[in-house]
Amino acid sequence: MAALAALRLLHPILAVRSGVGAALQVRGVHSSMAADSPSSTQPAVSQARAVVPKPAALPSSRGEYVVAKLDDLINWARRSSLWPMTFGLACCAVEMMHMAAPRYDMDRFGVVFRASPRQSDVMIVAGTLTNKMAPALRKVYDQMPEPRYVVSMGSCANGGGYYHYSYSVVRGCDRIVPVDIYVPGCPPTAEALLYGILQLQKKIKREKRLRIWYRR
């Protein structure tokens, strides 16, 4: 009887201890989960406090902002008044003349052909470049003022074209002068050359000459 009475007295005590143990175990599990995966408020705070790197394209000072706007103004004026130097070497020159005709009217884009390299800022190499003509091409290119651009028109100017394996043909005018725009075709149409001129205007728009000079 005494043993039964003792068991009856121990039963509520054991129940309380088991409940406390279960509560402690659940609390430990929650604390470990919180340690493994932080709460949703912590990333927001850390992201808010994190320092976001500033892109290099954005101006970081007033002086750089003024230089950037001046750069945009100069690029706008430069791309709106391209003066190409005619360097017709083969049948591609006929399509280049076609682009200057009233049907396509390249003057509406500010493109005006000049006869002197000292008044030009664009050279359109139209046709097959031979080994004898290569020194003349380089000499004319060196006489053009900076900044200067080169448009390679046609397969022969791009890589030799039909005469790629000829002993007397340069396999691409980019071996003589740096080329900015390649216009494919044999010969390319006037629309293709006009599209190449528009791509050159987009390239000039993205230039950052003054900003690069200012950041030195």
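All positions are counted from 1 along the displayed chain.
The backbone N, Cα and C atoms fix where each Cβ goes, glycine too.
Per Swiss-Prot, the features are as follows:
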- 1-37: transit peptide (TRANSIT)
- CYS91, CYS92, CYS156, CYS186: [4Fe-4S] cluster binding site (BINDING)
- ARG114: hydroxyarginine (MOD_RES)
DSSP-derived class (H/G/I helix, E/B strand, else coil) of CYS156 ([4Fe-4S] cluster binding site): helix
Remaining residues near the recorded [4Fe-4S] cluster site, that is with C-beta within 8 Å of the centroid of the site residues CYS91, CYS92, CYS156, CYS186: ALA90, ALA126, GLY127, THR128, MET153, GLY154, SER155, ALA157, GLY161, GLY185, PRO187, PRO188
Assigned conformation of CYS92 ([4Fe-4S] cluster binding site) - DSSP reduced to three states: helix
Cα distance (Å, whole number) from ARG114 (hydroxyarginine) to CYS91 ([4Fe-4S] cluster binding site): 20
Residues satisfying Cβ distance under 8 Å from CYS186 ([4Fe-4S] cluster binding site), sequence separation of at least 6: GLY154, SER155, CYS156, GLY161, TYR162
Neighbour tally for CYS92 ([4Fe-4S] cluster binding site), based on other Cβ positions within 10 Å of its Cβ: 27
Site of maximum Cβ density within 10 Å, from binding-site residues CYS91, CYS156: CYS156
